[in-house]
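Taken from TrEMBL as is:
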TRANSMEM  6-21  transmembrane segment
TRANSMEM  28-48  transmembrane segment
TRANSMEM  60-78  transmembrane segment
TRANSMEM  99-118  transmembrane segment
TRANSMEM  124-143  transmembrane segment
TRANSMEM  163-181  transmembrane segment
TRANSMEM  193-214  transmembrane segment
Amino acid sequence: MILLYFGYGAAIWLGLYLIHRDARNRHLLSVGLGLLAYGLGLGATALSPHVRGMAEAGRILFFLPWLSWLALPLLSLSSRREGDTRTDETTGSRWTQPIFVFPAILVLGAAAWAIGAADGFALPGPWVAGAVGWLLLAGGLLVREIRRLGEAWLPDLTRSFDYTVLFTLLFSGQVALAIGLGPGFDARTKPVLLASIAVSIAFQIFWSPIRALWDRIAFAAFPKLREDRSRMRVVETVQTRVDEAAEPEEMDEEELYRCTRRALSHFGDLQRLATNPLTQLELVERRLRERGGSDEVLERAIELKALLAECIARLKPQQDEAFGATEEWRYYNALYYPYIVGIKPYSIRYTADHLDEPSQEALDWFRSQVPERTCYNWQNAGARLVALSLKEKNAA
């Protein structure tokens, strides 16, 4: 029984962590939801001796993670069609790496065991083996996705795990102790303990946005203080995700291009830009020293943002004109207006009331003359030119 609660808590924790780490990453989102389903299946197994229908619900939930993993190749193909630079590797080769082989065998063995056994997942063996396998698979996926982004994965994961254990022992441990010393574990008390574990974990995972909400309420009359605290939260989050050992000078052209492409797509999101390996460029550090800036993560991101804007400006064919629609303008237009100005030409909900005249002309031009796929291709080609410009500036 203790193993079941540990497995339940671990599945809920890692599932929520994957979702919170990067909700826009479809791979992490899909597998995170699958882990949550598995955790709920373990919870249903704990309640099955007391509540009718929980055993059947548990069997269904145990097999939902299969759907989340089977969806990954489809999500990879979909992201590639949409121009997502995170899917540059071949789809099939990713899932045959050694890091996924043993956990996959473990999960397959657990499923075969459960199907072949008379009591299915009512036995502890199948769900213990399945939980270990799914957790290892999800951990392998997390490491692979985060390393592709050029971020550090271990410090933030360790912090989240340590805090989760502490929060759960403090809050759910008291509930378990009260139940054990009192009425015992039955149909009324087990759901309370399961809910307490889930709430403790969710509270820790989403502590930063919860604290931001509280600050907006508590410091509504102190905007400067609220802004300072928001900045401190961002720095606190980013510091555990920045790979300070990154060496962008040692990157090959393709890796430098991918980092540049991601940096451009995160141009308007300083928190995500701050985790890009390009913030570790010697050029960024040199420019910070020249202007007397501090060497903190957000200052590096601000400097990288200015550097990217300069590289994009170098693509402008005629400096005295605000906008042009000829072929020589295509790379500049494809980078400057969507990323620096922030227009979203292919979004139905996007309104252009705040745009100046050149930006309005660019918006109309994109919508009437440039297909979305063509714009993505121009952005990819333009990003290669920006990466080359960064390399030249850094070597100068």
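Just so you know, glycine gets a Cβ as well, placed from its N, Cα and C.
Just so you know, TrEMBL annotations never went through curation; they're auto-generated.
Note that this is a predicted model, so its numbers are computed, not measured.
If you look at the transmembrane segment (163-181), the same-chain residues 6 or more away from its ends with a CB under 8 A from one of its CBs are 9, 13, 189, 192-193, 196-197, 199-201, 203-205, 207.
Within its own chain, the transmembrane segment (28-48) has Cβ neighbours under 8 Å at 1, 4-5, 7-12, 14-19, 21-22, 54-55, 57-62, 64-69, 71-72, 75, 121-122, 127, 130-131, 134-135, 137-138, 141-142, 145, 187, 190-191, 194, counting only residues six or more beyond its boundaries. Sequence-distant neighbours of the transmembrane segment (193-214) (same chain, 6+ residues past either end, Cβ-Cβ under 8 Å): 5, 8-9, 12-13, 16-17, 20, 43, 46-47, 160, 163-164, 167-168, 170-172, 175-176, 179, 185, 230, 233, 236-237.
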